[in-house]
Amino acid sequence: MKIYKKNHFLKILIIFIYLSCNILKVNADGTFSTIQPSTDIKFDKSNLEFVAEWDVSANSISNVVGSTDSSEFSLNYGVWGPTYNYLIAKNKSPSIKANVDYTFSFDFKLGKALGEYNNYQSMVLSFYIPEDIAYFPWEIRTPLYTTNEFSGNFASTSYQSKILTFRSTVDIGNSIMVLRINRATETGPTASSVYFRNMKITIPSKPITTPTDLLTKDSELIVIPKPPISLDLQDLTKCPYLTASDLYNWHDPTIWPNGVVPSPNQNITIPAGKRVLISASSISQTQIYSRIVVPVNSELIFNDQNFTMNIRDIYVQGKFIMGTSLCRYNSFINIIFHGEKTLQDTIAQFYGSKGIAVASGGFISVQGKQYHNTWSKLASNVWSGDRVIWIQDNVNWEVGQQVLITTSVYKDELDNQNEILTIKAIEGKKIEFTEPIKWFKYGSQEYQSEVALLSRRIVFSSDESSSVSTSFGGHILSSGEMQFAGVQLKRMGQKNVKARYPLHYHLGGTLNNSFISDCSVTNSYYRCYTIHGTNNVTLTRNVAYDAFGHCYYLEDGVEVDNRISFNLGAYVHTIGKPAAGASQIGETFYQSSELTQPADSAASCFYITNSWNSFIGNAASGGWAGFAFPNLPKPIGNHRTLNIIPMQYPIKEWQGNTAHSSGYYFEDGASIYVGGNLTFNEANGMLIYNSGRLGRTTYVNGVKNENNVVFDRLNNTKIFLSNLGVGYWGENIEIVGYESHDNTRPVSLFGNVWLHNALVNGQSGNILTKNSETTRQGFRFYDFYVQTIISNTIFRNFIHSTAATKRDEDNVVITATTFSDVFKPQFISATKNITFQNVPQSQIIGHEDVANSGSSRLFNFLDGDGSVTSSFTGKPGIPQIVGSHVSWWKFDDSCLFSTEWNVWVCNKGTKGLANIEFWVPGFMERELEQDPDSYIGSISLFGSGINDERKTLLTRNPGITGVSNMGWYAYFTIGTPNYLRIWTAQIAFGEYIFLAIPYPTGTTFTITSEYDYSNQYTYTITKTTSALAVKQGNGKQYYFDGTHLFLKLVNFMNTGGSWESFDRVGIKIPDVYWTYIYNIRATNTAKPSVNGYFLNLPDVRPSSTL
């Protein structure tokens, strides 16, 4: 029987109904409460621990045998136990709001009559920093809050109630409840017990009122884009179940072979060339359908009706339609996938089992009711016990749907404070839940927890019986065009089975009309949304929560030109042991049956193997990282023979993405992590992943060409509650528009770096981040071979921590990597237009004097406009050179020494910063790492009126950085080498170093300069008549006065071109030039060198008048 078009009136009626259902609601669904009821936080044997100095056993706290009251428990004391013990909660306490009356209550009774050794006098209720609990009972630290010692009727053998009201004067976020129980004496010669029941903290009820401080924007500095406000346009006259005269009902026997409707246990093939409609009455809603094939030129269309379909496999070569872009279905449709774990292909060859596979040339469209926005952010703080929240965007969510509120703590996986709640009532931006919120959630101007809708009317899920124990759910795979919108995918994916993901574009090539929009993936066994070997698709406005392995997943490194926008990923778990490591090396993982993709040891919300894609308005909560950009020197998987280098592609577009609560497993972990290395071992066919440092250089079109180097650029980015906000091991990065809040450090950046228009906030108002011994730094300058410019940046709320034992480990704005004598800084760091808010002067710079460390002695940066140092110098607008604690940096009388910062600060004037290296073949070379205490002399300033000693030490590890256009006097305690090479690593065009080195009287010299890679710049340095002539010359002359050899070091390769420096906002950092060398060969027949060194030379600086 054919299904013909309905009449025009019916079409208009359907359109009206649809629009009425989908309009963004302004009227309430359900009834809002006016009073928030009280909330009880209950304690019993399961969530309390017995702690004492001695007499502790597994039986010290136990359930009461025979009791029907689950709250009842006993404390069981042995003989001669201590006079007090503690009950410590195993879980964190609710947040406690200042100046609010809470109650702590319980019932108590003695196990035997009151006596000399059975006398309980008092108790004390306290709340401690969670980390301090580890010190109990031997070291009791100061609590966040404690009550006075309280008594009660603790002398009865029948239950007596005790209610204690307590009020804190400060807000308390993370804490652990501790109850101290005090006895009059030790426990005595016989065992005894006491009993508790109904122990609880009660959060009081309160009127529900609209907060006066609702946010009107989500960020202070940056702009985070949002999706369009309007709903997608609908035309229900185009619904697939209405519009065609050639549409046949599934239950019509005339279309099937032999005139019989197939049974569920058959392999069912849709008749060739037919368009078949499934309605609720067409199929069994309880039996499991085995396999359905939709051949080429056939279509399987679902009606917009409430129903459930149980299925094992569906293979689509033609079309599978359950709603379209113009006709999104309003009905509640459940597709449940069944099947035991197997690696066999039961859908079709290469397509696995338990799911839907769409062949190349096939088409699938599943589009349910549009809920918009799919996620928002809190508009105000939420406290434990609250049931009503306000969000920042209007939504059309519905009563009974499930909502996620993401965590507001740092270590998401280790302290899960994400919450799923059910809507009781909703109106505009106001939502009431059926149950109280357990944990404090932050929603102030700095940042806000995300609030996401998990429920959808169309649900694809896996049956629990065959899925949960094996992590083997259903999967959707399409090699053709695929459109999914308004669908929830629950318990989907097949853990560690490649290509078996909840929703997956698979080897589709370049598609033209494919998208996944406003869907949700929840409780996924393996990933969330995958783009594999497919280009030009859109993932937008989706939500993902609670998934194993990388979530939004670009698989092989060849996926480009995709648009990934306005998506949320949250609570993403590594597979197996998380990648850790206490150094930049990270950890290495190998492909195995338990870790099919070894990079899942560092599972992230967004995993990006090729950067040439657009990322707009996405948010990541949790994961090993929020956004991971692993380095792939070659594609992997199906594309490993393709001749491209994925890691060389720059980011196509990055605008307004945020991340939080990640980066804590690895010392160098970050919420945005550009690092790690994923390779394919050709010998054994296995993948290898290393989580540590590997650099990348990006080029136009991903093709290596030194003339087409292109910067990665992150625009309008926000990171909070992270270890490192952005960790970038690459060579060229610009971060423009950036907010960092409550991160250990905002960034760790390598190569050419520009951080511009940033807000770095060391401490937000989030009470969950306070009372921590973790300190935070504003920016750590690296130690060598980078170029870093920070401009237009606000640093806020860096306050001294009493727990900090070193300057550079305190809550301080500027620090540097200063541990090494091998890796020493050149002129690599500069600042301009820096602002400090609530930062005491002592916390602006934290330089540490590290023993035997050249990087500590040579710490330096250019304060390009004096804005960093003006609070100390009183010289705003005047550029300053900042150098370490050694007198080497005191180059003129403008220099001031800050004891708070442990640095010298000097007017830059006409000076610059330069770096050279002394090389003695076989003794002191760049590639020969030596002990840090291998001291061989010193280098001092001379001339320019300097009469005192201003020097630093030299070691066998080459490298010295100092002020250019000055006299440098090098003295070698081991003796001056008769052959010395000097690498002019960083001497900018127009600058010089006036170098003096002692030699014995009568020494003659052969001096040349050369470029390692060309003889075009080879010069013979000739003798002139005076040291002054050398200083005023062009760098091609030397002079020896019988005591000192004078040379003017310049780099003849430099011409002043723009390519010779890293230049942003008027600040220039010269490049390190590889490798322009001066060669000095010295001969003396009267006082010859001994083993290559002229010994016992006097240490006398040249004249101060030079």
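Note that Cβ sites are derived from N, Cα and C of the backbone, with glycine treated the same way.
When you go through Asn91, Asn512 in Swiss-Prot, the residue listed as N-linked glycosylation site is Asn512. For Asn677 (N-linked glycosylation site) paired with Asn715 (N-linked glycosylation site), the C-alpha to C-alpha distance reads 25 Å. When the neighbouring Cβ atoms lying within 10 Å are counted for each of the glycosylation sites (Asn306, Asn715, Asn833), the highest count belongs to Asn715. Within the same chain, residues at least six positions away from Asn536 (N-linked glycosylation site) with a Cβ under 8 Å of its Cβ are Thr510, Leu511, Asn512, Ser514, Asp561, Asn562. Residue counts for the domain 'G8' (254-380) under DSSP, split into helix (H, G, I), strand (E, B) and coil, are 5 helix, 52 strand, 70 coil. Listed in sequence order, the residues of the same chain lying 6 or more apart from Asn267 (N-linked glycosylation site) and placing their CB within less than 8 Å of its CB are Ser290, Arg291, Val293. For Asn833 (N-linked glycosylation site) paired with Asn715 (N-linked glycosylation site), the C-alpha to C-alpha distance reads 19 Å.
Every protein chain considered, the tally of other Cβ atoms within 10 Å of the Cβ of Asn512 (N-linked glycosylation site) stands at 7. On the backbone, the CA of Asn306 (N-linked glycosylation site) and the CA of Asn715 (N-linked glycosylation site) stand 44 Å apart.
Over all protein chains present, the Cβ of Asn677 (N-linked glycosylation site) has 21 other Cβ atoms lying within 10 Å.
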